[in-house]
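Quick look at what Swiss-Prot lists:
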BINDING   Met35, Arg77, Leu115, Glu156  substrate binding site
Amino acid sequence: MSHPALTQLRALRYFDQIPALSPEQLDWLLLEDSMTKRFEQQGKNVTVTLIQEGFVSSDEVSSELPLLPKEERYWLREILLCADGEPWLAGRTVVPESTLSGPELALQTLGKTPLGRYLFTSSELTRDFIEIGRDADLWGRRSRLRLSGKPLMLTELFLPASPLY
């Protein structure tokens, strides 16, 4: 199963440099903290619509492969993050199987829990980079995060109803 927003997320093209955007837009796109928390600060009830979750082969994560270790399988989670029931963000998380050890095994059991609620409670979270991307009129970003030094990729597409626009 897929969703049109996730098709658009996979079509994002990334900028080599930070594009000329308003300070408000850059504040959203370059946010280092939890997007879930940021949405909640807007006074919204944040929920997850789970689109896909499970192991996939490297063929299904080809755009993330150059930024992750080469492995046989990856844990893929695709979601819509909704604010008061309205989709604000499409999210795609790609986790190499080798990352899924110790506490990071919890990444496989998030279900409808927002990723940010797990990631940003870890004292072992670091972010290697944020890249800003665009497809048509929508903006997005991708980050390589590390939990206890183990990598994962997070790609987010801001949907038209989100406060970015």
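Heads up, the Cβ atoms here are built off N, Cα and C, so glycines get one too.
Feature map: annotations from Swiss-Prot on the structure.
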{"residue": "Met35", "record": "substrate binding site", "DSSP (3 states)": "helix"}
{"residue": "Arg77", "record": "substrate binding site", "DSSP (3 states)": "strand"}
{"residue": "Leu115", "record": "substrate binding site", "DSSP (3 states)": "helix"}
{"residue": "Glu156", "record": "substrate binding site", "DSSP (3 states)": "strand"}
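What surrounds the substrate site, by Cβ distance within 8 Å of the Cβ centroid and not counting Met35, Arg77, Leu115, Glu156, is the set Thr36, Ile79, Leu81, Leu89, Gly91, Arg92, Thr93, Pro114, Gly116, Leu154 from the same chain. Other Cβ atoms within 10 Å of the Cβ of Glu156 (substrate binding site) number 28 in total over all chains.
Under a cutoff of 8 A between CB atoms, and with a sequence separation of 6+ in the same chain, the neighbours of Arg77 (substrate binding site) are Leu50, Gln52, Glu53, Gly91, Arg92, Thr93, Val95, Leu107, Leu110, Leu115. Residues Met35, Arg77, Leu115, Glu156, recorded as contacting substrate, have a largest CA-CA distance of 16 Å. The Cβ neighbour count for Leu115 (substrate binding site), using a 10 Å radius and every protein chain shown, is 22.
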